[in-house]
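Worksheet: one structure, shown below.
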Amino acid sequence: MQPRVLLVAALLALLASARALEEEDPSLLGLMQGYMQHATKTAQDTLTSVQESQVAQRARGWMTDSFSSLKDYCSTFKGKFTGFWDSASEAKPTPASDAF
(Lines of atoms letter the chains of each structure in order from A and count residues from 1; the text may use other names and numbers.)
(Lines give C-alpha, C1' and ligand atoms only; values in the text may rest on other atoms or scores of the structure.)
Protein backbone atom coordinates (compact mmCIF):
# COMPACT_ATOMS: atom_id res chain seq x y z
CA MET A 1 0.00 0.00 0.00
CA GLN A 2 1.16 3.47 -0.73
CA PRO A 3 0.35 6.78 0.92
CA ARG A 4 -1.64 7.64 -2.20
CA VAL A 5 -4.22 5.04 -1.14
CA LEU A 6 -4.75 6.83 2.17
CA LEU A 7 -5.13 10.15 0.36
CA VAL A 8 -7.71 8.68 -2.00
CA ALA A 9 -9.57 7.14 0.94
CA ALA A 10 -9.65 10.49 2.75
CA LEU A 11 -10.92 12.28 -0.37
CA LEU A 12 -13.63 9.67 -0.85
CA ALA A 13 -14.66 10.10 2.79
CA LEU A 14 -14.98 13.87 2.34
CA LEU A 15 -16.93 13.41 -0.87
CA ALA A 16 -19.23 10.86 0.72
CA SER A 17 -19.81 13.13 3.73
CA ALA A 18 -20.68 16.10 1.53
CA ARG A 19 -23.05 14.08 -0.61
CA ALA A 20 -24.69 12.52 2.41
CA LEU A 21 -25.34 15.95 3.92
CA GLU A 22 -26.98 17.05 0.67
CA GLU A 23 -29.26 14.05 0.74
CA GLU A 24 -30.29 14.76 4.35
CA ASP A 25 -30.48 11.03 5.04
CA PRO A 26 -28.74 10.37 8.38
CA SER A 27 -28.66 6.62 7.83
CA LEU A 28 -26.77 7.02 4.56
CA LEU A 29 -24.29 9.39 6.20
CA GLY A 30 -23.68 6.97 9.07
CA LEU A 31 -23.32 4.08 6.67
CA MET A 32 -20.79 5.92 4.51
CA GLN A 33 -18.81 7.19 7.50
CA GLY A 34 -18.67 3.69 8.94
CA TYR A 35 -17.56 2.29 5.61
CA MET A 36 -14.85 4.94 5.21
CA GLN A 37 -13.61 4.42 8.78
CA HIS A 38 -13.35 0.71 8.09
CA ALA A 39 -11.58 1.31 4.76
CA THR A 40 -9.16 3.77 6.38
CA LYS A 41 -8.37 1.34 9.20
CA THR A 42 -7.81 -1.48 6.72
CA ALA A 43 -5.47 0.71 4.64
CA GLN A 44 -3.54 1.78 7.75
CA ASP A 45 -3.22 -1.82 8.98
CA THR A 46 -2.00 -2.97 5.58
CA LEU A 47 0.53 -0.14 5.37
CA THR A 48 1.79 -0.94 8.89
CA SER A 49 2.19 -4.64 8.11
CA VAL A 50 4.10 -3.86 4.91
CA GLN A 51 6.43 -1.49 6.77
CA GLU A 52 6.99 -4.04 9.55
CA SER A 53 7.71 -6.68 6.95
CA GLN A 54 10.29 -4.46 5.28
CA VAL A 55 11.92 -3.74 8.64
CA ALA A 56 12.01 -7.44 9.45
CA GLN A 57 13.58 -8.20 6.07
CA ARG A 58 16.25 -5.55 6.61
CA ALA A 59 16.99 -6.89 10.09
CA ARG A 60 17.31 -10.46 8.80
CA GLY A 61 19.60 -9.29 6.01
CA TRP A 62 21.75 -7.33 8.44
CA MET A 63 22.05 -10.31 10.79
CA THR A 64 22.90 -12.68 7.92
CA ASP A 65 25.57 -10.30 6.61
CA SER A 66 27.02 -9.80 10.09
CA PHE A 67 27.23 -13.51 10.83
CA SER A 68 28.74 -14.18 7.42
CA SER A 69 31.41 -11.53 8.01
CA LEU A 70 32.14 -12.92 11.46
CA LYS A 71 32.42 -16.44 10.05
CA ASP A 72 34.83 -15.23 7.34
CA TYR A 73 36.93 -13.40 9.93
CA CYS A 74 37.09 -16.49 12.17
CA SER A 75 38.07 -18.69 9.22
CA THR A 76 40.86 -16.30 8.25
CA PHE A 77 42.06 -16.05 11.84
CA LYS A 78 41.97 -19.84 12.26
CA GLY A 79 43.81 -20.36 8.96
CA LYS A 80 46.63 -18.03 9.99
CA PHE A 81 47.11 -19.67 13.37
CA THR A 82 46.79 -23.20 11.99
CA GLY A 83 49.69 -22.47 9.67
CA PHE A 84 51.62 -20.98 12.58
CA TRP A 85 51.06 -24.03 14.81
CA ASP A 86 51.92 -26.45 11.98
CA SER A 87 55.22 -24.70 11.24
CA ALA A 88 56.07 -24.47 14.95
CA SER A 89 55.51 -28.20 15.50
CA GLU A 90 57.69 -29.11 12.47
CA ALA A 91 60.57 -26.89 13.62
CA LYS A 92 60.62 -28.22 17.17
CA PRO A 93 62.65 -31.44 17.57
CA THR A 94 60.91 -34.36 19.20
CA PRO A 95 62.36 -35.90 22.38
CA ALA A 96 62.86 -39.26 20.63
CA SER A 97 65.18 -37.74 18.00
CA ASP A 98 67.37 -36.13 20.73
CA ALA A 99 68.10 -39.56 22.23
CA PHE A 100 69.89 -40.85 19.15
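From the backbone N, Cα and C atoms, a Cβ is placed for every residue, glycine too.
Owing to the predicted nature of the structure, the values given are computational and were not obtained by experimental measurement.
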When Swiss-Prot marks a stretch as region 'Lipid-binding', which of 36-67, 68-99 is it? 68-99
Give me the CA-CA distance between Met63 (methionine sulfoxide) and Lys41 (site 'May interact with the LDL receptor'), in Å, as a whole number. 33
